[in-house]
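Taken verbatim from TrEMBL:
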| type | residues | note |
| --- | --- | --- |
| REGION | 1-30 | region 'Disordered' |
| COMPBIAS | 1-23 | compositional bias 'Low complexity' |
| TRANSMEM | 34-55 | transmembrane segment |
| DOMAIN | 35-356 | domain 'Acyltransferase 3' |
| TRANSMEM | 75-95 | transmembrane segment |
| TRANSMEM | 115-132 | transmembrane segment |
| TRANSMEM | 163-183 | transmembrane segment |
| TRANSMEM | 190-206 | transmembrane segment |
| TRANSMEM | 212-235 | transmembrane segment |
| TRANSMEM | 242-259 | transmembrane segment |
| TRANSMEM | 279-298 | transmembrane segment |
| TRANSMEM | 305-323 | transmembrane segment |
| TRANSMEM | 335-359 | transmembrane segment |
| COMPBIAS | 374-384 | compositional bias 'Basic and acidic residues' |
| REGION | 374-412 | region 'Disordered' |
Amino acid sequence: MTETTASPTPASVPSTPAAPSTSGTRNDPARPRLAALDGLRFVAAFGVLLYHYAALNHHAWGQRTDEVFPDTQRWAVFGSFGVQLFFIVSGFVILMSAQGRGVRSFTASRIGRLFPAYWVSVILGVVLFALVSPGRKQIDLPEAAMNLTMVQRALGFSDVESVYWTLWTELRFYVLIAVLLALGGMTRNRLVAFATLWPVAGALSVEHGPQILSTVLIAADAPLFAGGMVLCLLVRDRGSPVLWMVLAMNVALAGAYSGRIQSLRIANSTDITLSPSTYWTAIVVCFAVVALLALTPLNRISWKWLTVLGAVTYPLYLLHSSWGRWMIEILHPHLTATVTFILVTVTMVALAYLVNRYVERPLGPRLRRAVERDLDEADRRDRSAGGPRTAVTPDPSGHAGRPAPEQPAQVG
């Protein structure tokens, strides 16, 4: 789940992205938000919420969910594909966000965006499991502390909230983008090659490689991110047959791997089995909706309320699961299932708004600036430790600068 800072106009998407500045600051003009994708992100989050409340079999309702919502569950299961939709949008948006940035600036922006609301979510989760409803889930202090890092899965610790698995997936995608930036920036050809070879390598690692390679390459979900990146490139270059072929390949790989795995998750959690044609269709629809909002005149939509919905999407996704089920347990004995669902959903959206307003908005930019300053300072120290460098004087003729003689160091 990512912020949607992208341009609704094709002209603002460079055909060959600018090389990242060595200072780690952006050298491209600020881009307006793509409001339609903000709204789509909220739809994806609401779909996941709907799946968790009205499709997933659990006992928060006092009986099986399929007994509470026998008709709703059959179509609510498709809300789980909101995760795949998130990943496609993330591929699109993160490519836009990374253009014109160095590794340090990109890293700082992601940390500032992800961690404030995430830390609140971890703390609230621990409060729920340790104080409000003890016995619901066992969380010890080391596990809670490791969850604050967002890499707990890599270190063998379980997630405080079940939805955190997607953050681990997103985090690995960000690392791959940072590596791509570090290797020399983002030209169009490099991006096309990356969006082609990465998902193929991921698929091969699933079939033939070690598990660690599949984990590093985010094998099952790589085509979703890569497909989103290709859609971003298509904003400027809609007539490129190469891009359309790479997109088609990623859609096919996403259906074969991510779609199939999602159908297995649904079967394990709801007893509903999706046919291959059904989950393939769900994946195609996810790509088609993003393409429709990014590549058609709909990309000019600028309704402010969509941006507001986009702002609450990430905290809503983080907070809705366990606290929402706890509220269902409290309210449902006294209210109908429909009224309970509405009240819990409205409460979760309101809580998400408060987290965005009083945590993300004030703390996110501060954290980003602090991280960027720290990384810049570390880079300056590394450069200083490397010894004196040859200065370059500007050449009035316009040719490359000539090395200037080193000045003797002053003593005393």
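One-based numbering along the chain as shown.
Cβ from N, Cα, C; glycine included.
Bear in mind that the values here come from a model prediction, so they are computed numbers and not experimental data.
Ranked by the number of CB pairs under 8 Å to the transmembrane segment (163-183), the listed stretches 34-55, 75-95, 115-132, 212-235, 279-298 are led by 75-95. Tertiary neighbourhood of the transmembrane segment (75-95): same-chain residues 1-6, 34, 37, 40-41, 43-51, 54-55, 69, 166, 169-170, 173-174, 177, 186, 191, 221, 224-233, 254, 258-259, 262, 265-266, 270, 272, 274, 282-283, 286-287, 289-290, 294, selected by CB-CB distance under 8 Å and a gap of 6+ residues from either end.
In this chain, the transmembrane segment (279-298) lies out of contact with the transmembrane segment (335-359); the count of Cβ pairs under 8 Å, excluding pairs fewer than 6 apart in sequence, is fewer than 3.
When Cβ distances are compared across the two stretches, the transmembrane segment (279-298) makes contact with the transmembrane segment (212-235), since 3 or more pairs at least 6 residues apart fall below 8 angstroms.
Looking at the domain 'Acyltransferase 3' (35-356) alone, the prediction's average pLDDT is 95.
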